[in-house]
Amino acid sequence: MVVASTNAFSKEMAIRKRIANIYNKREENFPSLREYNDYLEEVEDMIFNLIEGIDVPAFEAKIAQYQRENAEQIMIAQARKAEEYAAALAASKGQPAQSDGDAGSSTGPQGHYAPAIAGGIAQPRPTQPLPVGSFPDMLGGEYEDDEKMKLRTERAAKAGGWSLEISRKRALEEAFGSLW
């Protein structure tokens, strides 16, 4: 039974991911909150029907038509999502977000996501492998010397509520506690 539930779960996740990549409008794309909520409800109804296998050919036709009619908006939303992800990733590394100088450009900085179009349908962009190297190297950091590593280890231990003094005290208590 576990296998069946896993397949149902992966089927649902695949459908949700596919539909979310196509029906990717945000609240700011609608004049009112009511219209946005109606849009979200329509998308959820469609997802439910696809998962349950209810009138799948009709919904697939509806999705294909929506994709043809809104191909440009879908690409812009996917590019915006990729740019936001890249900015968040850069911020998590402590680097400022890059820009190419064009304030009105929707393609973003060089190296950011730009979907390829084949027959009016956005095709997934192949991913690039991570660089080979050490963990600090992958995060854009530098190699640490022994002193930096020792200081970082001490700070991390203190942040976790552990210190060398506590460890020594406990070792002594355990050693002398077994004598009596």
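Cβ coordinates are placed from backbone N, Cα and C, and glycine is handled just like the others.
Where the annotation comes from TrEMBL, it is an automatic prediction and has not been curated.
Here TrEMBL flags 10-89 as domain 'MAT1 centre'. Mean pLDDT for the domain 'MAT1 centre' (10-89) in this predicted model: 90.
Here TrEMBL flags 90-132 as region 'Disordered'.
Shown for the domain 'MAT1 centre' (10-89): DSSP residue counts in helix, strand and coil, namely 69 helix, 0 strand, 11 coil.
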